[in-house]
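Asker: Pasting the relevant annotations from TrEMBL:
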type	residues	note
ACT_SITE	Cys115	active site
ACT_SITE	His251	active site
ACT_SITE	Asn281	active site
DOMAIN	109-186	domain 'Beta-ketoacyl-[acyl-carrier-protein] synthase III N-terminal'
DOMAIN	235-324	domain 'Beta-ketoacyl-[acyl-carrier-protein] synthase III C-terminal'
REGION	252-256	region 'ACP-binding'
Amino acid sequence: MAQIYSRILATGSALPERVLTNADLEKFVDTSDEWIRERTGIRQRHVAAEGETTGDLSTLAAQRALDAAGVKASELDLIILGTTTPDIIFPSTACLVQHRLGANGCAAFDVNAACSGFVYALGVADKFIRSGQSKKVLVMGAETLTRMINWEERETAVLFGDGAGAVVLEASREPGIYATCLHADGGHKELLYNPVGVSVGFKDEPNHGVRIRMSGREVFKVAVKTLDSLVEETLAAAGMQASQLDWLIPHQANLRIIEATAKRLNMSMDQVIVTVDKHANTSAGSVPLALDYAVRSGKVKRGQNLLLEAFGGGFTWASALLRY
Ligand code: ACO
């Protein structure tokens with residue numbers, strides 16, 4: 001029997017209206033535009049309005065992807081959302097989005113893999129399609145990470161933003177996703193986490209708010225090293241050489257991490273999609289936001305080979321090599 005591939009039919013994304021620039025941040029955090037740009041590449045981020053949720057942004061991104069694909073929500077047989085900032089504890093935000101789109105009845109669930117959430121979700125969706133279980137799948141990555149920020153804490157306040165991205169996948173005889181690689185190592189929890197609990201109890205430590213804890217320098221080092229081996233593994237899994245790649249679409253956490261991965265692949269920065277300057281780190285939203293930007297701006301064209309990769313809390317790391 002001929003191989004079944006998961007093919008991206010179309011992409012969509014959504015960003016909150018409010019933009020917070022580095023200059024705006026300077027007014028209430030002890031930081032500078034220069035420090036933020038030099039260390040991270042970030043110039044601004046979008047911040048969700050009060051009451052604007054991950055589900056709201058996901059629904060908008062999904063509708064845009066469905067419209068671009070010419071697919072009705074009722075045709076979907078699976079919905080997966082990568083997020084670490086769900087609207088509520090349950091139902092899953094994927095279920096909330098499913099109902100708002102009018103896709104009731106199909107399977108729907110969230111994947112929590114922090115910044116790797118979208119690429120994890122893509123990997124899972126690919127398995128459903130390859131196995132013949134699903135034909136049309138909506139995969140999203142979305143966050144309202146600024147809800148977890150203590151705006152007085154400069155180490156993290158300057159890094160994150162909100163946003164959502166989505167793709168519609170279809171079972172196809174044409175490639176398609178060639179390979180996905182998913183990994184985790186729970187041994188590094190203390191370097192990047194949010195301790196606010198459900199099962200451990202709802203209380204955060206006093207006076208800290210619901211905030212992210214990150215040892216930036218250590219995370220940076222592990223991320224660069226891990227992504228180096230991840231891209232090698234992904235190329236080998238797809239049976240391809242780095243020279244066959246047209247675009248790198250990386251997780252948008254830090255421009256220096258992105259540049260290190262591009263260098264490893266011998267790719268010029270002209271072949272790398274960069275949105276960290278405009279979106280900052282939107283965690284699971286970052287890769288699909290960058291992909292949608294790349295498609296809609298006409299940079300990425302049909303038939304080109306794309307390498308998607310992400311690294312985040314867990315630690316988790318994941319990649320997908322596909323023909324668009
Ligand atoms: N403004 C001004 N100064 C600052 C700021 C700020 N916003 N933040 C830190 N500093 C200071 C520090 O206090 C330190 O001062 P010192 O030298 O006097 O002690 C100095 O700047 C350098 O701090 P470092 O933390 O060593 O800076 P570094 O170059 O490592 O950059 C950063 C920090 C941007 C966080 C970087 O380490 C990074 O990007 N790490 C990886 C983040 C990441 O990829 N996370 C994974 C995904 S997130 C997720 O999964 C939710």
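Using the three backbone atoms N, Cα and C, a Cβ is placed for every residue, glycine included.
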Asker: Three-state secondary structure of Asn281 (active site) from DSSP?
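Answerer: Looking at the DSSP assignment, Asn281 (active site) belongs to a strand.
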Asker: Please report the distance from the Cα of His251 (active site) to the Cα of Cys115 (active site), rounded to the nearest angstrom.
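Answerer: For His251 (active site) versus Cys115 (active site), the Cα atoms are 7 Å apart.
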Asker: Count up the helix, strand and coil residues in the domain 'Beta-ketoacyl-[acyl-carrier-protein] synthase III N-terminal' (109-186) according to DSSP, in that order.
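Answerer: For the domain 'Beta-ketoacyl-[acyl-carrier-protein] synthase III N-terminal' (109-186), the helix, strand and coil counts are 26 helix, 32 strand, 20 coil.
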Asker: Cα-Cα, whole number of Å: Cys115 (active site) versus Asn281 (active site)?
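Answerer: Distance between the two Cα atoms comes out at 9 Å.
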Asker: Could you count the residues of the region 'ACP-binding' (252-256) that DSSP puts in helix, in strand and in coil?
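Answerer: Within the region 'ACP-binding' (252-256) the tally stands at 2 helix, 0 strand, 3 coil.
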Asker: Let me check the 10 A CB neighbour count of Cys115 (active site). How many other CB atoms are there?
Answerer: 33
